[in-house]
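Participant: Take a look at this one; I'll ask things after.
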């Protein structure tokens with residue numbers, strides 16, 4: 001990440017340095033050793049090297065003692081490892097500890113040193129500065145003052161603060177409080193939200209908002225990737241300005257942005273012009289590569305560690321304390337720690353970071369910062385900041401040239417080439433013949449008109465006859481279409497839905513995007529699924545219904561058992577009998593089920609529990625039913641009225657898997673097809689292979705693809721803005737899934753055109769003024785049939801339920817009715833069988849021997865039929881023996897059935913009362929058997 005700019009050093013210097021160290025080693029044999037601790041991360045070995053270098057440099061000036069460096073390495077941010085290793089290091093008689101750079105590890109180390117009253121030297125920008133901590137870094141409040149002075153110096157009227165995480169919120173908060181509500185317009189955005197280093201979405205939102213001035217408050221570790229991605233999304237042009245708050249800006253490789261025209265301003269604490277800095281750099285890197293020429297390889301953390309050792313050594317020149325061994329498990333502290341820290345804060349020395357002084361609060365003061373700016377030749381100092389004078393510029397004045405500004409567009413005339421593409425460029429619908437610029441209209445046409453008014457240039461539109469935008473032939477390496485016209489100077493500008501790609505940017509220049517978009521999927525709208533037959537069961541899951549049934553059965557059994565056990569449920573059926581021999585219980589098993597089901601359906605029953613136990617169960621069952629029914633009713637309306645939508649594809653993965661048999665394609669040779677052709681993502685590669693192997697699914701125009709989507713099981717891949725335009729007019733189509741990529745439309749011009757920045761600035765101003773938003777609303781939602789689908793699916797009131805919504809309820813009713821009929825037949829059969837067994841009907845019938853079949857048949861017939869006729873009020877005497885001749889033929893066919901099928905005889909004798917048989921004509925039926933008696937059904941037992 002860092003460029004280490006190392007300085008040459010000759011062999012003589014190395015020899016002299018080695019000799020001085022050797023002599024010093026001999027002198028300090030009898031001196032007292034004083035241990036100084038350092039906690040550093042594994043990925044920051046340079047800090048440990050400069051720590052040892054600083055100790056070696058100060059020891060020759062020490063008289064009765066010498067410093068000995070004791071260092072430990074930890075994983076970045078590992079607080080547990082920090083605590084464990086620091087406690088072990090405290091046993092080595094330390095006089096001070098230099099803390100790590102990660103916030104979490106530093107706070108744990110600071111807490112331990114505070115408990116032991118051991119000096120802790122911090123090199124981070126931390127708000128909390130308490131004894132025994134001494135912080136060499138400028139305080140965040142002072143950093144906020146510096147940023148405010150820079151904004152004032154640069155005359156920013158509005159800006160955006162982009163901060164990394166919560167650690168930097170104190171700086172943001174101080175800056176906001178300094179301005180107050182009457183200050184400039186300030187927008188605050190966070191760019192690190194567990195995005196795994198991908199900040200493009202945040203940066204795109206910033207770009208789309210029209211913001212141009214930014215203060216970046218974050219760590220030096222994330223800054224390179226942030227700047228790189230800002231350039232990728234188009235935020236590194238002449239229209240944008242940055243202030244970088246980190247003091248290590250000069251250590252980054254900023255060469256990719258030197259020619260971007262973006263204004264990048266920063267501050268630095270370590271000046272490469274400082275002779276002491278260069279001297280330390282030589283000693284630090286001489287062994288690694290003594291022949292590499294560098295200017296300033298030191299970071300702020302490295303310089304502050306070096307300065308901290310210098311300050312500690314200067315303190316021990318005036319006072320001497322004997323350190324003690326400390327243990328984290330006891331309460332023993334070093335009673336000299338606070339005294340040592342207070343004395344260090346009273347000193348003033350000159351170090352790598354400038355003058356080191358502290359105010360009465362223990363904060364570093366009177367330091368000097370360089371204001372630097374990125375130019376085409378690299379970072380240059382353009383001013384300085386000090387505690388007393390604030391920010392001041394010493395930039396050399398720009399040279400005044402008598403030559404006219406080549407970037408001015410006033411009175412310029414351009415040939416603007418366009419293509420027919422709704423709604424960017426279209427021919428006007430007019431009965432009269434139009435010529436020149438009057439024959440064109442559209443979003444792109446109006447954009448050029450607005451730019452012409454704003455910048456003072458004139459233009460002439462020319463139509464691209466073949467309607468090709470421009471693509472590179474991989475064989476001939478030649479361009480075609482609109483881009484070829486621009487490259488060969490037959491046109492100055494190109495405007496349409498022209499996508500900015502890396503290939504096209506290698507051939508022509510583009511302005512900043514006037515519209516941002518991405519590839520999306522055009523497909524027909526989801527169709528409404530027919531409601532399920534048993535949708536009334538949807539409010540509860542199958543598991544809930546199962547447990548509800550189990551609960552009903554359990555309560556029924558509980559009521560049955562408790563009803564048998566409870567004395568209160570046994571009643572005297574005959575109140576007149578004071579001492580009955582039998583008692584009656586209303587809670588039979590069937591009655592218990594009837595009670596539970598009645599409560600479940602909120603209909604109740606005629607059963608009233610009398611015992612306390614049965615009433616308790618009934619009460620809790622009623623409460624349970626209250627909650628269940630209320631929950632069911634609350635959800636039932638939604639499940640009956642809401643119709644789910646079904647679509648075979650929901651995202652690009654479904655489309656790539658050919659889910660639902662949906663075929664797909666794109667415009668052949670367009671930027672969308674080229675995107676899949678060069679994609680590295682496996683899903684996109686699979687889609688390209690499909691399209692390449694099925695040319696029949698590719699189209700020559702977007703209109704052809706839209707038609708196929710309407711008429712076939714087909715999805716079309718195209719730009720999201722075009723899909724938005726189409727779906728405003730064709731109500732059966734919609735966009736499926738999210739965007740597959742992010743890109744933009746720009747105005748094309750010849751490579752290295754001097755007008756690019758001027759046009760980009762004008763486009764940006766149109767965005768800020770809301771002109772582009774109004775234009776898009778006009779051409780997407782108002783002109784040429786726009787807005788036709790607005791409100792099509794809005795409902796004016798509640799939907800009426802149809803038979804399809806309630807069909808399952810009717811089915812349950814029909815099934816229940818037939819079930820009741822079936823049960824009644826079973827009950828009838830069982831009842832008949834029981835009464836026949838009780839009255840021994842079969843035994844009696846075995847002695848009935850009719851004289852003749854013709855006499856037996858009407859006997860049985862009228863024996864069976866007479867009760868029915870009597871029931872409906874008909875007289876039995878209507879039939880007489882004379883009428884039997886009319887029925888002989890009809891009933892003779894059933895003679896053998898009545899004789900041999902005893903089951904029919906069983907039904908006849910058991911259901912109909914034989915005492916109603918007439919005595920005049922059919923007395924012989926009874927005379928045949930004196931034991932034959934009239935059958936009466938059994939009485940119901942109460």
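Heads up, the Cβ atoms here are built off N, Cα and C, so glycines get one too.
So TrEMBL lists these for the protein:
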- 499, 504, 671, 672, 719: L-glutamate binding site (BINDING)
- 87-328: disulfide bond (DISULFID)
- 731-789: disulfide bond (DISULFID)
- 423-488: domain 'Ionotropic glutamate receptor L-glutamate and glycine-binding' (DOMAIN)
- 1-31: signal peptide (SIGNAL)
- 649: site 'Crucial to convey clamshell closure to channel opening' (SITE)
- 544-565: transmembrane segment (TRANSMEM)
- 621-642: transmembrane segment (TRANSMEM)
- 809-832: transmembrane segment (TRANSMEM)
- 853-869: transmembrane segment (TRANSMEM)
- 889-912: transmembrane segment (TRANSMEM)
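Looking at the shown structure, can you explain where the listed features end up?
Facilitator: Taken residue by residue with DSSP, residue 719 (L-glutamate binding site) is part of a strand. Counting only same-chain residues six or more apart in sequence, the Cβ atoms lying under 8 angstroms from the Cβ of residue 719 (L-glutamate binding site) belong to 497, 499, 517, 518, 519, 520, 672.
In the three-state DSSP reading, residue 87 (disulfide bond) counts as helix. If you draw a 10 Å sphere around the CB of residue 87 (disulfide bond), it holds 15 other CB atoms from the protein chains shown.
Under the DSSP three-state reduction, residue 731 (disulfide bond) is assigned to coil, being neither helix nor strand. Cβ neighbour count for residue 731 (disulfide bond) (all protein chains, 10 Å cutoff from its Cβ): 13.
Long-range Cβ neighbours of residue 649 (site 'Crucial to convey clamshell closure to channel opening') (same chain, at least 6 residues apart, Cβ-Cβ under 8 Å): 521, 523, 655, 659, 660, 662, 715, 736, 737.
Here the transmembrane segment (544-565) has long-range neighbours at 537, 585-589, 592-593, 595-597, 600, 609, 611, 613-614, 617-618, 621, 624, 628, meaning same-chain residues at least 6 beyond its ends whose C-beta is under 8 angstroms from one of its own.
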Participant: Near the Cβ of residue 671 (L-glutamate binding site), how many other Cβ atoms are there if near means within 10 Å?
Facilitator: 22
Participant: Counting across all protein chains present, how many other Cβ atoms fall within 10 Å of the Cβ of residue 672 (L-glutamate binding site)?
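Facilitator: By my count, 23.
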Participant: Which residue among the recorded positions 328, 504, 789 has the fewest other Cβ atoms within 10 Å of its Cβ, if you could check?
Facilitator: 328
Participant: On the three-state reduction of DSSP, what should I expect for residue 504 (L-glutamate binding site)?
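Facilitator: Assignment for residue 504 (L-glutamate binding site) reads helix.
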Participant: Residue counts in helix (H, G, I), strand (E, B) and coil for the domain 'Ionotropic glutamate receptor L-glutamate and glycine-binding' (423-488), per DSSP?
Facilitator: 24 helix, 13 strand, 29 coil
Participant: Averaged over the whole of the domain 'Ionotropic glutamate receptor L-glutamate and glycine-binding' (423-488), what is the pLDDT?
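Facilitator: That region's mean pLDDT is 88.
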Participant: Whole-number Å distance between the CA of residue 328 (disulfide bond) and the CA of residue 731 (disulfide bond)?
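Facilitator: Answer for this pair: 73 Å between alpha carbons.
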Participant: Max Cα distance spanning 499, 504, 671, 672, 719 (L-glutamate binders), Å?
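Facilitator: Among the residues the record ties to L-glutamate, max Cα distance equals 17 Å.
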Participant: Please list, in sequence order, every residue of the chain apart from 499, 504, 671, 672, 719 whose Cβ lies within 8 Å of the Cβ centroid of the L-glutamate site.
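Facilitator: Near the L-glutamate site, the remaining chain residues are 469, 497, 498, 501, 519, 670, 674, 675, 743.
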Participant: Taking just the CA atoms, what is the gap between residue 671 (L-glutamate binding site) and residue 87 (disulfide bond) in Å?
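Facilitator: For residue 671 (L-glutamate binding site) versus residue 87 (disulfide bond), the Cα atoms are 62 Å apart.
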